[in-house]
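Database features (TrEMBL):
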REGION    112-136  region 'Disordered'
TRANSMEM  167-189  transmembrane segment
TRANSMEM  209-233  transmembrane segment
TRANSMEM  245-264  transmembrane segment
TRANSMEM  276-293  transmembrane segment
TRANSMEM  313-330  transmembrane segment
TRANSMEM  336-354  transmembrane segment
TRANSMEM  366-385  transmembrane segment
TRANSMEM  397-416  transmembrane segment
TRANSMEM  423-442  transmembrane segment
TRANSMEM  454-480  transmembrane segment
Amino acid sequence: MQQESETSGLSNTISAMQSISISMPSAGNKIITVVDENAQGFSINGVGDDSCPPLETLGNNAEPKAVMFLSRPMSKGSSIGEADNDSQRFKDKNFDSFKTWSGKLERQITSLSGRSRKFDSEEESTQTPENEPLPVDRYFDALEGPELETLRSTEEIVLPDDKTWPFLLRFPISSFGICLGVGSQSVMWKALASTTSTRFLHISLTANLILWWIAVALVAVVSSIYLLKVILYFEAVRREYYHPIRVNFFFAPWISLLFLSLGLPPSVSSNLPEPTWYILMTPILCLELKIYGQWMSGGQRRLSKVANPSNHLAIVGNFVGALLGASMGLKEGPIFFFAVGLAHYLVLFVTLYQRLPTNETLPKELHPVFFLFVAAPSVASMAWAKIRGSFDYGSRIAYFIALFLYFSLAVRVNFFRGFKFSLAWWAYTFPMTGAAIATMRYSSVVTNVLTQTLTVILSLVATLTVTSLLVTTMLHAFVLRDLFPNDVAIAISDRKPKHHRKWFLPSLFSPFFFVESSTEKRV
């Protein structure tokens, strides 16, 4: 009888064990079992438990308690040993916050495949908000170095810094500076071949034709690459637009096209249709309405706060456009842009010249952009001469200002030495070329040995500078492959570093004192 009782108890125990459902989750990392809290017969928690009592404690009438079942679908082919392989099925999402579509379709596919929605919500909550632009103070606080592109030691970025980013994320808007340098060279060599005061050089228009096609190729390549960046990584473009220095380079693509129009070889076309000028000046006008309004509004981006030499790019487009329009025979439009450029150039010149005590000194690597001081008055002198029909006193005043600024910077050799190569060096080229072209126009009116010699010297210096920079740029781009490092300037966090007070006891006889140390902690 006792043997039958034990057999019956064992059967009940096996029945109770068979009534429990064990299900494998799709991730394959846990065994989930839910049993009624009052059940004392059997329990599994995690991968196993020793809480099962001996079989002798189970009576003949032992019945299994109520059991709750928790079942989750198991994806085909998943197992505990394949947990790591599941994470490789989805693309790297570290850059989703900068993608135009932000990986929404991927998250929908993920939820349909059984991935936890809680994990997705936590992942989305860690991303930087895309609706609010970063304030300009964050750029000044978090960045340093040439063009404010180096991250300070107390800051962190929202993108991984231990891997190389996609090329489009590393391609900055300042790359259009190359187009400005080569495009202005095509204009200069066209002037050398056609100006009366330089006919003794016997320059052929072939040089202008070659440089023009090189400039066209550069503009096409750089524009295509950046257009892909706009399409695929719009958030990165938006962060560049709010960058206090790089926002000025958004004028560079349109100024480059203006240079191509000015340097158009006669063998390609003798005249441009008038609508071309209106098409090229429309985006410049739109940018000016936005940026000049911010300068005047007194907000975070007022001119006294964000003023730097690269702001000249936002000014010089007016004078280049006025020069092209006057060359095409237009009147009112060129005068309008010349007036707008002159008014804002005077304000910018005074603001940069005095450098308010509240403004920080520009980093040494940014010194090449000081040559942008020369660009605006050089082009303004030629634009006014074209509008008036002669190189009169107004044109000469602008030219002499440009010439004085050029020499005042050129004699400061140590001011432009001691830092590594960057795209900021292309800021040398366009102002130097503009000064050389303006000198040609002046020498056509005041022709003598001095003006002709000055024309040759400035043209030679500008050509050598562009050539050396073009070779150096190609060397860093294709040989050293360090021209486009990770662009941390667009990946700064919106979180400010926290300052913590630490107490020190320097000696037994001196009181406690504290110092503030800046550390970055994620909230």
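Don't overthink the numbers, they just go from 1 along the chain as shown.
Glycine is no exception: its Cβ is also placed from the backbone N, Cα and C atoms.
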Could you pull out which residues elsewhere in the chain have a CB under 8 Å from any CB of the transmembrane segment (276-293), counting only those six or more residues past its ends? 247-248, 250-251, 254-255, 257-258, 261, 314, 317-318, 321, 324-325, 328, 330, 333, 337, 340, 344
Using a Cβ-Cβ cut-off of under 8 Å, list the residues of the same chain that are 6+ residues beyond the ends of the transmembrane segment (454-480) and lie near it. 178, 181-182, 185, 188, 192, 197-198, 201, 421, 423, 425-426, 428-429, 432-433, 435-436, 439-440, 443
For the transmembrane segment (167-189), what are the same-chain contacts with Cβ under 8 Å, counting residues 6+ beyond its ends? 95, 98, 147, 149, 159, 203, 207-208, 211-212, 214-215, 218-219, 222, 225-226, 228-229, 232-233, 236-237, 240, 246, 249-250, 252-253, 255-256, 259-260, 262-263, 423-424, 426-427, 429-430, 433-434, 436-437, 459, 462-463, 466, 469-470, 473, 484-487, 489-490
Excluding the flanking five residues on each side, which residues at least 6 beyond the ends of the transmembrane segment (366-385) place their CB within less than 8 Å of a CB in that stretch? 145-147, 308-310, 312-313, 315-316, 319-320, 322-323, 326, 334, 338, 341-342, 345, 349, 352, 391-392, 394-399, 401-402, 405-406, 409, 415-416, 419, 424-425, 427-428, 430-432, 434-435, 437-438, 441-442
List, by number or range, the same-chain residues at least 6 past the transmembrane segment (336-354) whose CB is under 8 A from its CB atoms? 281, 288, 292, 295, 303-304, 307-309, 311-312, 314-319, 321-322, 325, 373, 376-377, 380, 383-384, 387
